[in-house]
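If you look up TrEMBL, you'll see 1-40 marked as region 'Disordered'. The compositional bias 'Polar residues' feature in TrEMBL is assigned to 22-31. Among the features that TrEMBL reports, repeat 'WD' is placed at 195-226, 277-318, 319-360, 363-403.
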Amino acid sequence: MPVESGNSAAARQAKQKRKSHSLSIRRTNSTEQDRPTGHRDMLEAQDSKLPISLRSNLLDLFGQIEREFENLYIENIELRREIDSLNERLTGEGQTVDGGDLTKGALKTKASHSTSQLSQKLKTTYKASTSKIVSSFKATTSRAVCQLVKEYVGHRDGIWDLAVTRSQPVVLGTASADHCAMLWSIETGKCLLKYAGHAGSVNSIKFHPTEQMALTASGDQTAHIWRYMVQLPLPQPPADISVSCDDDVDFSDKDEADPEGDGVNECPTVRVATTTLKSHQGVVIAADWLVGGRQVVTASWDRAANLYEVETSELVHTLTGHDQELTHCCTHPTQRLVVTSSRDTTFRLWDFRDPSIHSVNVFQGHTDTVTSAVFTAGDNVVSGSDDRTVKVWDLKNMRSPIATIRTDSAVNRISVSATQRIIALPHDNRQVRLFDMTGVRLARLPRSNRQGHRRMVCCSVWNEENQACNLFTCGFDRQAIGWNINIPALLQEK
């Protein structure tokens, strides 16, 4: 009776294992094909607040994920069996070959090489499958839509700051390094008025809460209060340019903005201020109105902030304590509170609610220049810094931030939507990102189809009165941009 060699027996055993495993795979697949329907019926029977279409879409996606991982699991098992079979065969061959340890070492090297190839194949298959799943899931759930509504072009140098009037008529104001401030029609993008009373860069602009008055701060070491009267032109239909947020295509070759465009030279010019505030010994970098509009606060590179009476131009208080130049100041919308930011990595909260006591609190949450700190409509302060972070603080307990946002670029003058509580972050790297108050990223403004900023973005401001154009940004590309931001409530709550 013939006797099988060791190689033949090992080959037959491996073949039987593969056949048995093949049958088990077919059995598993036939069983799993019937399972998703049962899962779907069971899940659909459960109560859920999600819309039916969204829920169905999620079920399909999770079903795809489950099937992909099942396939990967089955492939992994099969590959492991093939590796075991290969090792058995190589071990059997090693027993019949003379050469001692040297031959065994060579066989081990060969087996290790084959195992490495199979492992690499498995990794490649896994990455390709999971990347496809994640991409399809992201495309389905990212519903934020950002529409570029209007571009405001006319300044001859970079734009540092912008603001929207809080009383009628609603217009956009910009402050530029070209020594001018301009007022724009939001709907048409036309310049309505130019203020040319400063002898230096105009670093900030803020509007009186009830009257047609503007407050500008300048590099000429002064702050000006000036009145304006504008007549709004007839609105024009906005351009229909709608793209999904998070598009990121570089277009640095975009033509420079035309400084003479849109009839800027034809708009009226105001050259004389109603009130000039002159107490600083350095650049005045920012200014704002206190609640009620009877007092203003200014921040300067002379490391001090000044509080003035508007009617008399009298200096009421000098707020000192910062160790380096101030970068920004902001007032609370309903209370007599002021927050100042500085290059000394701190921001300070000044309390003027009690006329007899002017308290101050120092906050040291950043490791680099604090570029801005702003109040929200509630009891929060949001601070941004050159250390690439944004922190959300609770006014009732400001020992530590309640949320921290980490980014990849320095953050400039931020703004917070009063109604949606969304933080708009302008960056040095030309990006503008949107986050909620808990630090969850909602969207990034698009930079594709020749849209968006091509230089540093300096400032952002929300417009709560106009749903068609509810966010404005400006930068050193000498233009301001009006956006329509639509963030679904579901995405904000995720």
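Backbone N, Cα and C atoms are what each Cβ position is placed from, and that goes for glycine too.
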Within the same chain, where does the repeat 'WD' (319-360) have neighbours whose Cβ lies under 8 angstroms from its own Cβ atoms, ignoring anything closer than 6 residues to its ends? I mean 6 or more beyond.
282, 285-291, 297-307, 366-375, 377, 381, 383, 385, 387, 395, 398, 413, 418
Suppose you look only at the repeat 'WD' (277-318); what would the mean pLDDT be?
95
Could you put numbers on the helix, strand and coil content of the repeat 'WD' (195-226), residue by residue per DSSP?
0 helix, 17 strand, 15 coil
